[in-house]
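Report on the structure given below.
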2 protein chains.
Amino acid sequence: MDIKECGEFGLIDLIKENCIVEPKSVAVGIGDDAAVLIPTHNMLQLVSADMLVEGVHFDLSFISPFQLGYKSLAVNLSDIAAMGGIPKHVVLSIALPKKINVDFVKELYRGMKNIAQSFCVNIVGGDTVSTHDKIVINVTVLGEVEPEKLQKRNGAKPGDFIVVTGTLGDSAAGLDILLNKKDNFDFAEPLIKAHLMPFPQVELGRIIAKYASSMNDISDGLASEAKEIALASSVDVMLDAGKVPFSTELLQRANFFRKTPLEYALFGGEDYQLLFTISKEKYILLQKELSNCNIKVVGEVKQGTGNVFLKEYNGKFVNLEPKGYNHFR
Amino acid sequence: MDIKECGEFGLIDLIKENCIVEPKSVAVGIGDDAAVLIPTHNMLQLVSADMLVEGVHFDLSFISPFQLGYKSLAVNLSDIAAMGGIPKHVVLSIALPKKINVDFVKELYRGMKNIAQSFCVNIVGGDTVSTHDKIVINVTVLGEVEPEKLQKRNGAKPGDFIVVTGTLGDSAAGLDILLNKKDNFDFAEPLIKAHLMPFPQVELGRIIAKYASSMNDISDGLASEAKEIALASSVDVMLDAGKVPFSTELLQRANFFRKTPLEYALFGGEDYQLLFTISKEKYILLQKELSNCNIKVVGEVKQGTGNVFLKEYNGKFVNLEPKGYNHFR
């Protein structure tokens, strides 16, 4: 059955099930002119949106509808994580070609509901419309954060460490593998998974938010995200190439595409790890609280005017002008 | 200059100005991973989204970019009005072809900012992405409402009046004129304006919300909206053809397209007037408060099971199965 036969209301019925996983904060979910939510007293409200266009942001020849649904929510939850917040609700707008199969739509929503349930996030509304062209998905995420835990980009101070929550470059290498269909997919599976089903670091973000001075999620590559912090905080960020963490899989495969792991990390993007700055004293406290977690200092904050310098493997410093991910590339 | 030369960050700079008109409720606007908002104590939060696709929901051959920007916000503000709420913030996601002219984008945002400012609504964030296809606009609106003023669809009671806030059918007739390019545009101007620049009834909605038992905005035609109230409230709605208010322009021009004013009102859609139910006692109070305002009783609520009946001009009743606006038409 294609979606045209199903109709908008048939589609809403199909979607409506299992959307509310945390009902205490929802007075009215899908089905009225607007959803009605009950905000938590004394919390700030967070809101962010991402639009994904078929052929620009995803390619259905290598992402399944389940993965697409999962990922389109994941990248939004990551934005809330980057503020130190708790994602609470999402609003989903989707433009679908009339001839698309209903099973595709079911799988898309299954992916969305899968990650929404894992993170206790309610799907409270949205819009489903037809298009003559490619699929477009817009996710708006609403979250909450305590005022004292709010993490912005502008709080980095000279002397702070700059730290990442996990290995970088995997996602971009996974994309190269998918685009070129060149590698043995089984061996490269962790890289491909990093690209197709990124894991938003919400839980870590909540802990880090107690100690950090600024935070970003790494959607556009380490260089670009460090630059945003440097500019917003009016400091310089000194990254140390020797300290950037890589996965074994990336180290084994980066060369395949004549790129270095460092290039993938700096300019690749879509890792959705967190990048944050923190005073050296608070870093010790954070390490204690996290114990087994692989956070990694990748550099330091200096007085400056918004530059990002990279200490290369040979010890020389270069000024990085991020040339990474650009929506209008 | 086309948008590709401008780049995403150039575009954000272009957009950023005059976005915050009510700064008290915004801790962080455009420019971080998420906007940070300060909710009003004891208010419920409202959220709604609408996606508009070029070629499906709008046609650039007859809507200007300014009007498109205006309208894409207007339809969302109307959803908040329908809940009895105050629109507070919008989040805008826009997919634009790379070759689109920057002036087009400026005009689009000028239209958005024009209506946002009129209604004291902040533009707090969003996403601007490229597409190989048609323009797609998604607006998510956030609003607030006092719990006691919240209007849902499910509160209509037998004995209530069903009431509209203004003339119906104008917008759909305006669309017919635009599509067929048949009429003298000057004379039909009020109909065309009703279609291209609908006025969301936020202020009226706030007053009505003190008295009404249920409310909807008329986005999909009177028949369809009445049906939603009837179904949600488990009542029947009896509409009286003789009481539906029409503009002089519609009365003069409906015949041009071999339709009656009533057909436009029932099945046309996009009027963005409010449709509400109210007890007869409270209707008297509401009339006193509104004095000069043209609200109009169009029928009555009866015990029932979700049907909408129309009392035709000849006095006969027919059961209306709304055949109006459908996104998957």
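Positions of Cβ are set from backbone N, Cα and C atoms, glycine also.
According to TrEMBL, the protein has these features:
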| type | residues | note |
| --- | --- | --- |
| BINDING | A:ASP33, A:SER48, A:ASP79 | Mg(2+) 4 binding site |
| BINDING | A:ASP50, A:ASP79 | Mg(2+) 2 binding site |
| BINDING | A:ASP50, A:ASP127 | Mg(2+) 1 binding site |
| BINDING | A:HIS57, A:GLU270, A:TYR325 | substrate binding site |
| BINDING | A:ASP220 | Mg(2+) 5 binding site |
| DOMAIN | A:31-145 | domain 'PurM-like N-terminal' |
| DOMAIN | A:157-306 | domain 'PurM-like C-terminal' |
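Locations of recorded TrEMBL features on the structure.
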{"residue": "A:ASP33", "record": "Mg(2+) 4 binding site", "DSSP class": "coil"}
{"residue": "A:SER48", "record": "Mg(2+) 4 binding site", "DSSP class": "strand"}
{"residue": "A:HIS57", "record": "substrate binding site", "DSSP class": "coil"}
{"residue": "A:ASP79", "record": "Mg(2+) 4 binding site", "DSSP class": "helix"}
{"residue": "A:ASP127", "record": "Mg(2+) 1 binding site", "DSSP class": "strand"}
{"residue": "A:ASP220", "record": "Mg(2+) 5 binding site", "DSSP class": "coil"}
{"residue": "A:GLU270", "record": "substrate binding site", "DSSP class": "coil"}
- When the Cα of A:ASP79 (Mg(2+) 4 binding site) is compared with the Cα of each of the binding-site residues A:ASP50, A:HIS57, A:ASP127, A:ASP220, A:GLU270, which one is closest? A:ASP50
- Message: Below 8 Å between Cβ atoms and chain B: which of A:ASP50, A:ASP79, A:ASP220, A:GLU270 make it? I'm asking about the binding-site residues.
- Response: A:ASP50, A:ASP79
- Same chain, |i - j| six or more, Cβ under 8 Å of A:ASP50 (Mg(2+) 2 binding site); the result in sequence order is A:SER72, A:VAL75, A:ASN76, A:ASP79, A:ASN138, A:VAL139
- Note on the structure: Going by C-beta under 8 A and a gap of 6 or more residues, the same-chain neighbours of A:SER48 (Mg(2+) 4 binding site) are A:ASN76, A:ASP79, A:ILE80, A:THR140, A:VAL141, A:GLY143
- Message: Going by DSSP assignments with H, G and I as helix and E and B as strand, what are the residue counts for the domain 'PurM-like C-terminal' (A:157-306)?
- Response: 69 helix, 27 strand, 54 coil
- Task: May I ask which of the binding-site residues A:HIS57, A:ASP127, A:ASP220, A:GLU270 is closest to A:ASP33 (Mg(2+) 4 binding site) if we compare their C-alpha atoms?
- Result: A:ASP127
- Item | Distance from A:ASP220 (Mg(2+) 5 binding site) back to A:ASP127 (Mg(2+) 1 binding site), taken between C-alpha atoms, in Å | 28
